[in-house]
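Q: OK, TrEMBL features for this one:
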BINDING   G16, S17, G18, K19, G20, T21, R133, P176  ATP binding site
BINDING   R42, S64, I65, V66, G92, F93, P94, R95, R137, R148  ribonucleoside 5'-phosphate binding site
BINDING   N99  CMP binding site
REGION    36-66  region 'NMPbind'
Amino acid sequence: MARPLYNVIFVLGPPGSGKGTSCIKIQEKLGFVHLSAGDLLREERQREGSEVGRLIEEHIKNGSIVPVEITCKLIENAMESAGDVTGFLVDGFPRNQDNLEGWKRQMDEKAKVNFVLFLSCPVEVCINRCLGRGQGRADDNEESLRKRIVTYNTQTLPIIEHYMALGQVKEVSSEPTADEVFAQILDVFKEAGFNANLLTRNNSPGCTYH
């Protein structure tokens, strides 16, 4: 008997739109597991003796893009390890067309994309947030941020538009306060059939990936 498809929600938006913050709140209240593609790659790169980690390191050293097959496999492994949970928030992925095609090749028969949570936010608000958040990221300077936003506009926005054409995008403005944004997000999840009152059993710390 085939296992049920993983429930997946892609969480996309410009740098500084609050994807990570929103995912943590959704995880706490709705029992979804937060998976950041970037964090999974960093963790695998640091895992001692990992052959995949060595490949990731080589790509980073050479300035080349880590193949999407590796990213998808790490996401799939994290899903398998999570056990019985409501679903998964895949944060910041797919970033571009190559990511999308790789996901379809590897994951279409294993996961169902319920919808894309699109956190929209004006560019200047995003930049001010990133500059003021004090997280110590080397690329949180205005020049780098503007370059990242250009990359987002040219590569990630078309992915959002692709899902929009399929009627699978739920847009929430992330310009208000975090609590106001999360209230809107809760409404989106309830409309999609995910009710906070029903999902407390899956909120175990052992199923957390950052």
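Including glycine, each Cβ sits where the backbone N, Cα and C put it.
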Q: Among R42, I65, G92, P94, N99, these being the binding-site residues, pick the one whose CA is nearest to that of K19 (ATP binding site).
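A: Among R42, I65, G92, P94, N99, G92.
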Q: Relative to the Cα of S17 (ATP binding site), which of the binding-site residues I65, P94, N99 has the closest Cα?
A: P94
Q: Using a Cβ-Cβ cut-off under 8 angstroms and a sequence gap of six or more, which residues of the chain neighbour I65 (ribonucleoside 5'-phosphate binding site)?
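A: Correct list: H59, D98.
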Q: Within the region 'NMPbind' (36-66), count helix residues (DSSP H, G, I), strand residues (E, B) and coil residues, in that order.
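A: So the counts come to 22 helix, 1 strand, 8 coil.
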Q: List only the single closest residue to G18 (ATP binding site), chosen from the binding-site residues R42, G92, P94, N99 by CA-CA distance.
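A: Smallest Cα separation from G18 (ATP binding site) among R42, G92, P94, N99: G92.
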Q: Given P94 (ribonucleoside 5'-phosphate binding site) and G20 (ATP binding site), what distance in Å do their CA atoms have, once rounded to a whole number?
A: 15
Q: What's the CA to CA span in angstrom from R42 (ribonucleoside 5'-phosphate binding site) over to the residue listed as 'CMP binding site'?
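A: So the alpha carbons of R42 (ribonucleoside 5'-phosphate binding site) and the residue listed as 'CMP binding site' sit roughly 17 Å from each other.
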Q: For N99 (CMP binding site) and G92 (ribonucleoside 5'-phosphate binding site), what Cα-Cα distance in Å is obtained after rounding to a whole number?
A: 11
Q: When you measure from the Cβ of K19 (ATP binding site), how many other Cβ atoms are you left with inside 10 Å?
A: 21
Q: Summarise the model's confidence over the region 'NMPbind' (36-66) as a mean pLDDT value.
A: 86
Q: For the binding-site residues G20, G92, which one has the sparsest Cβ surroundings, going by other Cβ atoms within 10 Å?
A: G20
